[in-house]
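Visitor: Below: one structure in structure tokens.
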Amino acid sequence: MSFVKYLRRDNLLQLAGKPSLSRNYILQTCRTLIIETSPPEFVKLNRLSGSDSGIIEVNLDRPVTKNAINKEMLKSLQNAFESIHQDNSARVVMIRSLVPGVFCAGADLKERRTMSPSEVHTYVNSLRYMFSFIEALSIPTIAAIEGAALGGGLEMALACDLRICGENAVFGLPETGLAIIPGAGGTQRLSRLVGRSVSKELIFTGRKIDAIEAANKGLVNICVTAGEAHEKAIEMAQQINEKGPLAIKMAKKAIDEGIETNMASGLEVEEMCYQKLLNTQDRLEGLAAFAEKRKPLYTGN
């Protein structure tokens with residue numbers, strides 16, 4: 001199975017036989033990102049069932065390195081999200097850590113020391129494309145953060161639509177202290193989320209911030225008692241899962257594509273997304289359920 005990379009583009013293109021993933025990314029085979037063998041299970045998928053069917057947990061589990069992402073863990077991430085992309089029943093994705101006290105410590109710097117500049121270039125590009133893949137999923141993504149989310153770990157959380165953290169969470173992009181910069185989307189996504197000035201301060205200084213400051217700056221959506229981020233993320237995923245799945249996809253598309261352009265163009269995107277929902281069975285089901293004062297049963301059609 002081959003992984004994919006994204007190239008920036010103004011117009012939307014459709015991947016043959018698959019739904020478009022995002023506003024201005026196109027999929028292209030990337031030879032440098034071929035998954036050659038089954039990697040160790042550093043990333044484990046958990047598909048919830050029953051009334052929670054459609055919610056998928058992506059569990060990070062590399063305790064020896066505090067979930068630092070080496071080549072093998074990156075392959076595990078690629079496998080996991082390729083599987084989610086292929087799953088038509090997926091409605092909400094949540095990324096969490098199974099390692100107590102840490103979300104993700106970033107890249108594996110011990111492995112990095114053994115790499116040539118060319119190998120580092122390939123690895124960082126692969127990580128950047130991986131996080132762009134997460135961002136470009138048509139369904140909502142939630143990061144449930146306990147403990148440290150540093151470097152590439154924070155960049156992974158930034159690629160998600162929503163972030164929920166425990167009070168014990170710590171955030172930072174310390175790369176300038178290593179004479180490099182955040183290379184997996186941090187300079188771009190952080191700036192778009194918290195603003196240019198705050199982003200520059202955090203990246204220039206490499207300063208770590210706690211959960212309360214992160215919430216005040218808008219870096220996270222919700223801060224809860226330590227140890228309760230997963231529970232809160234499940235609650236939010238359940239709320240999303242109850243809504244019309246096509247509507248959720250179109251809402252994400254309208255917001256993500258519209259925010260990158262001017263108001264007039266953004267309203268055109270909104271109109272296009274709304275139009276796509278008018279002839280769906282789910283829209284009729286929503287109206288019928290409202291009239292009959294019952295819970296709607298959405299099928300994604």
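Each Cβ is built from the backbone N, Cα and C atoms, and glycine gets one as well.
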Visitor: For the substrate site that Swiss-Prot assigns to A105, G106, A107, D108, L109, which of G54, G152 is also named?
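Guide: Among G54, G152, only G152 appears alongside A105, G106, A107, D108, L109 as substrate-binding in Swiss-Prot.
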Visitor: Round to a whole number and give the Cα-to-Cα distance in Å for the pair D108 (substrate binding site) and E175 (site 'Important for catalytic activity').
Guide: 13
Visitor: Give me the Cα-Cα distance between G152 (substrate binding site) and E175 (site 'Important for catalytic activity'), rounded to a whole Å.
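Guide: That separation, Cα to Cα, works out to 9 Å.
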Visitor: Which residue, out of the binding-site residues A105, A107, L109, shows the minimum number of other Cβ atoms inside 10 Å of its Cβ in this structure?
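Guide: So among A105, A107, L109, the binding-site residues given, the one with the fewest Cβ atoms within 10 Å is L109.
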Visitor: Do me a favour and check the Cα-Cα span between A105 (substrate binding site) and E175 (site 'Important for catalytic activity'); whole Å is fine.
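Guide: Between the alpha carbons of A105 (substrate binding site) and E175 (site 'Important for catalytic activity') there are 12 Å.
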